[in-house]
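Asks: Pasting a structure here, questions to come.
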Amino acid sequence: MSLLFAIGYVGIIFEESLAFNKSGIGLLMAVSLWVVRSIGAPSTDVALSELSHATSEVSEILFFLLGAMTIVEIVDAHQGFKMVTDSITTRQPKSLLWAVGFLTFFLSSILDNLTTTIVMVSLLRRLTPPSEYRKLLGAVVVIAANAGGAWTPIGDVTTTMLWIHGQITTLPTMKGLFLPSSISLAVPLALMSLGSEVNGKEHNPAEDVLAAEKMAPQGQLVLFVGIGALVFVPIFKALTGLPPYMGMVLGLGVLWILTDAIHYGESERQHLKVPQALSRIDTQGILFFLGILLSVSSLEAAGILREVANYLDTHVQNVELIASAVGVVSAIIDNVPLVAATMGMYDLSYFPKDSEFWQLVAYCAGTGGSMLIIGSAAGVAFMGMERVDFFWYLKKVFLCFFLAQLIYL
């Protein structure tokens, strides 16, 4: 099974070279691993019980992501984020650098990293013309999006996974990770502020940039209800004891009814309603998570992850070192399977809820992807939108971010 997982994972890493979509590879890998597990299990009933348990846990994450992505897409369709991005008025290079960084940081604590990056990079195109300085601002967006997503349960898919499965809770995570997440942004910002790109003349909006789209009718209302729905999820969990995805589904239902009422009888505004929003969300990304999480759960059911944990306990007994390794590796490969594997290796009897280990895993996996431009969805989006190459990012960002991690760890 380990060999089969390794082959599938290599296929995911080199998806562009092989011209195979990683979602398809992930789904094929998941089914193959569970077929092997069913053959090797003591009985078919045991394998079915394990699969049922795994599917239940994975579905909670997928429903949560589906609801969150749909809510964000509805708000974006109404140009709701325009009110947020228009709040940046400064054109002084150094001030703009810090303003973009911390706006992205707090925006990403509520939205997912990818959406935050797309919104902010689009904003940068209206604020400054193509230049080295704009690339640097984009790099700041990547760092800030990853740092901002690490300190709240709904800001990043990895912290969401840990939260849903009970490894971390809302308030201890926010209190414990806000400062280190802020440091992982503030230190690179301070170092970048010393660069020649930032200490030049004032940057004015580019003349050739398209005019900003107007906010759709009731766009502000949709923004407030959408953000409120996302923020209410942890409160819903605390009040009812029900899983977080139920709170997310509740928020989506409210926003669905609201947008139907706002645009009732207006055929030209169908693109602002939920059915159209569902057609625009990243469905293949959700299927990729399904494949990866089911694959990792098969290794957990077979006891392979426990063997890896025992090996690490014997040979690498430093908790900080193990968590840091997760962060470093997440700069090269996807952090979702890394965190899923770590969750399978150590249960709550070994590392209790909200222990230092789980806080470190959430922080390192969330921010580690900023080391390389290919290490996170935010980095890949920035790479595609601004045509930034791997080595430019390595030269401008790697050292600044690495120093920030050393200061915290």
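Here the Cβ of each residue, glycine as well, is placed from N, Cα and C on the backbone.
According to TrEMBL, the protein has these features:
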DOMAIN    9-343  domain 'Citrate transporter-like'
TRANSMEM  96-124  transmembrane segment
TRANSMEM  136-154  transmembrane segment
TRANSMEM  174-194  transmembrane segment
TRANSMEM  221-239  transmembrane segment
TRANSMEM  286-305  transmembrane segment
TRANSMEM  325-348  transmembrane segment
TRANSMEM  360-384  transmembrane segment
TRANSMEM  390-408  transmembrane segment
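Surface or core, plus neighbours and distances: that's what I need for these features.
Replies: Away from its own ends, the transmembrane segment (96-124) comes close to residues 68-69, 72, 76, 81, 84-85, 87-88, 90, 134, 136-138, 140-149, 151-152, 154-157, 181-182, 185, 189, 192-193, 198, 203, 227, 230-231, 282, 376-378, 381-382, 385-386 of its chain (Cβ-Cβ under 8 Å, at least six residues beyond either end).
With a threshold of 8 Å between CB atoms, the same-chain residues lying at least 6 positions outside the transmembrane segment (174-194) that come near it are 94, 97-98, 101-102, 105, 136, 139-140, 143-144, 147-148, 150-152, 354, 359, 362-363, 366-367, 370, 396-397, 399-401, 403-405, 407-408.
Outside the transmembrane segment (390-408), and at least 6 residues removed from its termini, the chain residues within Cβ reach (under 8 Å) are 135-136, 139, 142-143, 180, 183-188, 191-192, 327, 363, 367-368, 370-374, 379, 383.
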Asks: Per the 3+ Cβ pairs under 8 Å rule, pairs at least 6 apart in sequence, do the transmembrane segment (136-154) and the transmembrane segment (286-305) touch?
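Replies: Answer no, regions not in contact.
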Asks: Quickly jot the same-chain residues contacting the transmembrane segment (286-305) by Cβ under 8 Å, restricted to those at least six beyond its ends, or write none.
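Replies: Apart from its flanks, the transmembrane segment (286-305) reaches 1-2, 5, 8, 22-23, 25-30, 33-34, 36-37, 40-41, 47, 50-51, 54-55, 57-58, 61-62, 65-66, 69, 157, 334, 336-337, 340-341, 344-345.
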Asks: Near the transmembrane segment (360-384), which same-chain residues lie under 8 Å Cβ to Cβ, leaving out any that are not at least 6 residues past its ends?
Replies: 113-114, 116-118, 121, 138-139, 141-143, 145-147, 149-151, 155-156, 158-159, 162, 167-168, 173, 177, 180-181, 184, 319-320, 323-324, 326-332, 335, 338-339, 342, 390, 393-394, 397-398, 401-402, 405, 408
Asks: Grab the pLDDT values for the domain 'Citrate transporter-like' (9-343) and give me their mean, rounded.
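Replies: Result for the domain 'Citrate transporter-like' (9-343): average pLDDT 82.
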